[in-house]
Amino acid sequence: MLPKLLTSIFGSRNERLLKQYRRVVERINALEVQFETLGDDELRGKTAEFRQRIAAGTTLDDLLPEAYAVVREGGKRALKMRHFDVQLIGGMTLHNGKIAEMRTGEGKTLMATLPVYLNALTGKGVHVVTVNDYLARRDAEWMARLYNFLGMTVGINLPNMSREEKQAAYAADITYGTNNEYGFDYLRDNMVYEVVDRVQRPLNYAIVDEVDSILIDEARTPLIISGQAEDQTDLYLRINAVIPQLAKQIGEADPRTGEGVIQAGDFTADEKTHQVFLTEDGHEKAESLLAQAGLLAEGASLYDAANITLVHHLYASLRAHHLFHRDQHYVVQNGEVIIVDEFTGRLMSGRRWSDGLHQAVEAKEGVNIQAENQTLASITFQNYFRMYAKLGGMTGTADTEAYEFQEIYGLETVVIPPNRPTIRRDELDLVYKTDREKYDAVTADIRECYERGQPVLVGTTSIENSERVSELLNKAGLPHQVLNAKQHAREAEIIAQAGRPKMVTIATNMAGRGTDIVLGGNVEKQVQLLEADASVPEVDKAARIQTLKDEWQGLHEQVVALGGLRIIATERHESRRIDNQLRGRAGRQGDPGSSRFYLSLEDSLMRIFAGDRVKAIMERLKMPDGEAIEAGIVTRSIESAQRKVEARNFDVRKQLLEYDDVSNDQRKVIYSQRNEILEQTDVDAQIAHLRRGAMTDVVRTYVPAESVEEQWELATLESTLRDEWQLDVPLRAVVDKSDAMSDEDVVERVVTAANDAFDAKLAQVGREQFASFERMILLQSIDTHWREHLAALDYLRQGIHLRGYAQKNPKQEYKREAFELFSQLLDRVKLDVTRVLMTVRIQSREEAAQAAEAIEVRAEQISNVTYTHPNEDGSVSQDAAAASAAEGLPLQQGLRVGRNDPCPCGSGKKYKQCHGKLA
């Protein structure tokens with residue numbers, strides 16, 4: 001009661017905002033006469049003037065009245081269209097980072113030019129986001145006439161464009177594109193190996209058209225880039241044939257005496273650390289065997305830069321043969337290797353070991369070696385669009401989802417009043433017992449409209465229902481058009497003519513979006529075709545255009561007299577918003593129109609949520625077959641059911657976001673560090689930091705922190721450093737000579753030895769030449785382990801709900817385990833990068849450059865790349881990559897995290913002490 005009383009006194013939040021905006025509209029209107037007197041060049045010159053004022057410190061808010069007045073005047077001259085006052089209000093709403101709800105036909109496309117122009121003055125770029133390629137191209141080409149007139153550049157971002165074309169599109173003041181393409185470009189930008197290969201600039205300001213469709217309907221499906229690394233089946237098989245010829249050494253040699261080996265061999269296997277190491281003799285034998293197998297050039301070393309991957313596969317195969325045992329670590333079922341959980345003994349179907357180990361086990365067992373299809377990168381629309389410094393949206397239907405927009409995106413919804421009052425008549429729903437009765441009534445209504453000449457738009461919830469209605473109309477002899485949201489350009493032309501007399505158009509909810517249905521048909525298209533027709537003499541064009549307009553005026557008046565466009569819906573959608581979108585197709589800009597929903601108790605929504613209640617009412621009223629119930633209580637009951645579904649879907653999306661936020665925090669860290677590495681020419685500091693961490697970890701395995709000498713395993717540590725890291729550090733001799741050597745001293749001695757060995761390598765090759773190789777190794781390692789981490793997170797997510805049965809909170813468990821997995825990822829990167837750089841043999845500067853280039857080429861050799869994304873109709877598509885996409889197209893830098901800022905993972909530690917370790 002109290003909120004209603006306060007609203008009646010002070011007005012609603014929406015009314016107060018509109019009142020505030022109307023005061024600015026008065027200032028814009030006052031400037032109109034002044035700008036009308038300016039010449040075209042003077043008006044265009046305002047753009048340069050505004051930019052100078054911004055550089056001098058003027059804010060966009062201060063410029064807004066003048067900038068909007070300039071755009072309005074430019075629209076009158078370039079487009080022959082004048083922005084209404086309500087469009088100015090909508091433009092202010094978008095500029096303030098809110099969602100503008102404007103009814104269909106009120107001119108959202110033209111409205112967007114106001115905030116787009118104003119924000120583009122900063123030179124930081126503005127992205128206009130549409131639901132499909134057709135609308136992106138149409139709106140860009142249409143509005144470019146205005147932007148170009150005012151001295152602004154416009155780019156279009158479409159799939160299949162080359163990297164250079166995309167860079168040009170993003171470099172423009174204003175860029176039009178689809179939500180999917182912007183997101184994929186972001187992901188691809190964070191997969192490149194050179195800064196110059198990125199296409200996006202930092203994300204500044206975006207206006208999302210059909211914001212409800214993009215940020216709500218499509219939010220449950222993340223954008224995923226997946227692909228297969230180059231097929232190496234033959235490599236695994238040939239290495240697998242070499243392994244039985246290598247003998248395992250039994251016993252560990254004492255570094256000082258060489259004693260302790262019971263049986264000499266080619267490699268040692270450490271069950272404790274699950275690692276294998278080739279002995280010196282083993283190196284020579286392995287090189288000889290690999291040369292015989294045609295995998296290694298005669299006289300080449302395993303540790304040459306060109307053979308880094310060969311060493312990796314050799315060790316994976318040795319581990320598969322000697323450390324992973326059938327029916328203990330895995331089982332073979334139906335020709336597949338399935339991992340056994342070492343703690344529970346359960347089979348882990350779908351899980352695969354990383355680092356090529358799984359393929360090595362498959363080769364060992366003689367089963368089919370699966371070319372692993374990895375997720376290369378992934379992001380949800382929620383997390384992508386929240387990265388923009390400012391975000392605005394527009395749609396005809398947002399108010400029903402206002403809470404979700406505010407809760408998830410922090411976007412307030414402002415309902416913009418129509419330019420003219422709406423006089424559309426929304427009739428009560430008609431509910432029938434069966435589908436057959438419902439469709440009979442639909443056909444009868446369509447026939448009645450057709451016979452009197454009134455245009456009809458039949459809305460369906462699926463392609464299947466569209467085809468069913470089409471079949472019924474064919475049987476009834478009623479001509480019609482069917483649109484299924486597949487061919488956007490063609491369907492836009494058809495829907496534009498859906499307002500002509502006797503037109504019957506069947507369309508799924510999404511078909512023809514973004515195109516107005518004008519009563520009497522769309523004469524503008526015909527006029528454009530006539531103006532472009534070179535065969536018609538110029539002197540005749542004006543007369544023929546006037547004839548077309550006169551004919552249209554007659555048709556328009558005829559349709560208005562018949563009651564305007566009739567909307568017939570065959571089913572209620574789960575969301576009231578989608579139903580409102582369909583209704584909004586009629587009654588544009590004060591035109592007449594009517595709408596009615598035909599339902600049956602067999603409809604899915606009715607059957608699940610409202611059927612019993614309505615059925616009871618029908619039985620109580622003893623309704624005969626073919627008779628419909630029409631009552632406000634029934635419509636309210638159905639809307640109540642829709643609210644339940646909307647609430648459930650909101651919970652699903654919110655839960656998805658809570659889980660994705662975990663990986664999103666980690667994504668920010670990885671992408672931020674990746675971009676730092678890309679932008680630096682010298683990564684010595686990072687490499688040195690990783691080397692110290694790796695050497696410390698190695699030492700701590702055998703010399704625990706704060707331990708005494710009796711607990712140290714120095715002999716094993718020395719052999720590990722020699723075999724795995726190619727470091728000869730005589731620790732035992734040093735310890736024996738020292739009176740008081742601590743475990744920290746051992747760490748420092750090993751770190752110093754590693755630094756000295758690395759510096760010697762740099763001196764031989766040259767620091768500058770080796771820097772590029774270091775950078776490539778670091779990037780490749782991050783990318784490889786990040787992909788494996790994404791797969792591990794996906795696997796964790798699939799089964800985490802089962803923790804609820806153990807009285808544990810699944811979300812908390814997911815956060816905890818995801819944090820552990822991420823820590824392991826950083827450790828693996830640290831060890832891998834250090835191991836490669838310590839053991840690789842590069843003799844010259846040329847060899848270093850060739851090795852860096854080879855790594856970059858190999859990293860981009862991802863085959864069968866697919867792009868998974870949601871469609872407008874709610875389905876999910878997997879598209880094969882375009883050639884340009886396979887090149888590794890780019891995106892913007894990830895959000896930067898300061899070294900002393902709190903870590904985004906939520907641990908409470910500083911970033912540099914937590915997940916900033918790589919930097």
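Glycine is treated like the rest: Cβ placed from N, Cα and C.
Annotated ATP binding site per Swiss-Prot: GLN87, GLY105, GLU106, GLY107, LYS108, THR109, ASP516, in sequence order. Counting only residues at least six positions away in the same chain, the Cβ atoms of THR104, GLY105, ALA496, ASN522, ARG588 sit under 8 Å from the Cβ of ASP516 (ATP binding site).
The Zn(2+) binding site annotation in Swiss-Prot covers CYS903, CYS905, CYS914, HIS915.
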Taking the center of the Cβ atoms of GLN87, GLY105, GLU106, GLY107, LYS108, THR109, ASP516 at the recorded ATP site, which other residues in this chain have a Cβ no more than 8 Å from that point?
MET102, THR104, LEU110, MET111
Using CB atoms and a 10 A radius, I'd like the single residue among the binding-site residues GLY105, GLY107 with the highest neighbour count.
GLY105
Across all protein chains in the structure, which of the binding-site residues GLN87, THR109 has the highest Cβ count within 10 Å?
GLN87
Tertiary neighbours of GLU106 (ATP binding site) (same chain, Cβ under 8 Å, six or more apart):
PHE84, VAL86, GLN87, GLY90, ILE416, PRO418, ASN419, ARG588, GLN589
